[in-house]
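Undergrad: Per TrEMBL, the features are:
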type: ACT_SITE; residues: Glu80; note: active site, proton acceptor
type: ACT_SITE; residues: Lys179; note: active site, proton donor
type: ACT_SITE; residues: Cys212; note: active site, nucleophile
type: DOMAIN; residues: 37-307; note: domain 'CN hydrolase'
type: SIGNAL; residues: 1-22; note: signal peptide
Amino acid sequence: MLPPQALLLAVVLALAALQALASDTFIAAVYEHAVILPQPTEQPVPPSHALALMHKNMDVLEGAIKEAAQQGAHIIVTPEDGIYGWRFTREAIYPYLEDIPDPAVNWIPCTDPSRFGPAPVQERLSCMARNNSIYVVANIGDKKPCDSSDPDCPRDGRYQYNTDVVFDAQGKLVARYHKYNLFRGETQFNYPKEPEAVTFETPFGKFGIFTCFDILFYEPAVVLVSKMQVDTVLFPTAWMNVLPFLTAVQFHSAWAMGMRVNLLSANTHNTSMAMTGDGLFTPEGPATYHYDSATEEGRLLLAELSTQPRLSPTYPPAVNWSLYATSIQKFPGESDTFSGAVRKDIFTFSELRDKDGNYTVCQGDLCCHLVYQMSNKSEDEVYVLGAFDGLHGSVIKYHWQICTLLKCPSTNLSTCGQPVETAQTKFEMFSLSGTFGTSYIFPEVLYNGVQLAPGEFQVLRDGRLKSKCGTSKPLVTVTLFGRLYEKDPPHPLRSSL
């Protein structure tokens, strides 16, 4: 017979599972993990040393998983690189990898750990899920042998993949995803030969999954939402924040609103590499989020989300993102523009000289239109309207169209576009729109101190991003991110190592 405490916990978890079956909502959790990193080395460590490090990280993750389950969470997402970190050569990461089978094999590693050879990491993750009756999402490494009959087989005779795994509440492996869009430093991994669109059904909605850099590309990100019609995207990431635009909470919230799905974003936490920012994001905005560049601690977040957001009465209507901007017969001319760099992207800027006005800036096929009124213009702060229409990125390039109302770091216009996260000026109103050549637009407002503005702006069906009642906090950026996937050049690195 179970002891009273264990019996009570089993009853609570069973009731939670039954509630999930009958509910239009579910409780989701993400954990931002301060990863315990290995010592940098170019040579492989003994497998026992690799496993010891991974157990240290899994000890921390298990604590977060238990806490989330006790608070009623049905699923928890943990970060990319959350079990072993990222300081690896191709050879050095090998002891950390396991053979991860196709989920079609119907496998519960917790109860049958040796079925596919040694798999201590999968066994422990499976047991975490099973023992706490919660779906567990984690990022680990997969290894697959190959030989000379495969013309793409790497010289060392194996493929190595950055891999997400999902275990259901019984501990069964229900999803495996190999990251398709590797960031430039991930030379320890291979690209899968074809992009994977991984989905799975749960009692609380249809889920899709991809990893970090994948979010910026058509495959798999747009395919999962537009073609596979998932309700929620699981998103392990190791996101290095890049102000003024690509901070984690800023862009991930914008993506969820633009794609009109739930996004469960779990980030690693490492302030020396500007890694922080996770959240539970919905089509209406963030349910909860966390951004902390001051401490070295992890953070667990939970929120109640809609199982099928498309059926929600608050689901945002479809937007014609260029309707308003293209309906303006003649844009007010702005001859006094200047160029400024956001990292390596050259924007066209126009300074907002007055406390209120109507401005337009154009670059390429994109014209950005702004109507605004400042409420307490600080004399030592400069704001600009900016437009960018072109390729972004260094090795891997992709096509952006961006309209932005942006604070400059100083009154020197040459600084406009450089990182800034503080401001003093509030706005009574703003309305930003653009003549975008794509329907994939991601809207977001960023306040002083890298804070989002949930409930304080709206997107009209004609494509205008508007404030509701003025800004409650000083404004850093108002941005419409557009992605022209069809103009992306071929990926230069999609070949085996």
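Note: Cβ is positioned from N, Cα and C throughout, glycine not excepted.
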Undergrad: Using all protein chains in view, find how many other C-beta atoms are within 10 Å of the C-beta of Cys212 (active site, nucleophile).
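TA: Around the Cβ of Cys212 (active site, nucleophile), 26 other Cβ atoms lie within 10 Å.
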Undergrad: Cα distance, the residue listed as 'active site, proton donor' to Glu80 (active site, proton acceptor), nearest Å?
TA: 10
Undergrad: When you measure from the Cβ of Lys179 (active site, proton donor), which residues in the chain that are at least 6 apart have a Cβ under 8 Å away?
TA: Tyr161, Asn162, Thr163, Asp164, Glu186, Phe189, Phe210, Thr211, Cys212, Phe213, Asp214
Undergrad: Suppose you look only at the domain 'CN hydrolase' (37-307); what would the mean pLDDT be?
TA: 97
Undergrad: The residue listed as 'active site, proton acceptor' has how many other Cβ neighbours within 10 Å of its own Cβ?
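TA: Other Cβ atoms found within 10 Å: 26.
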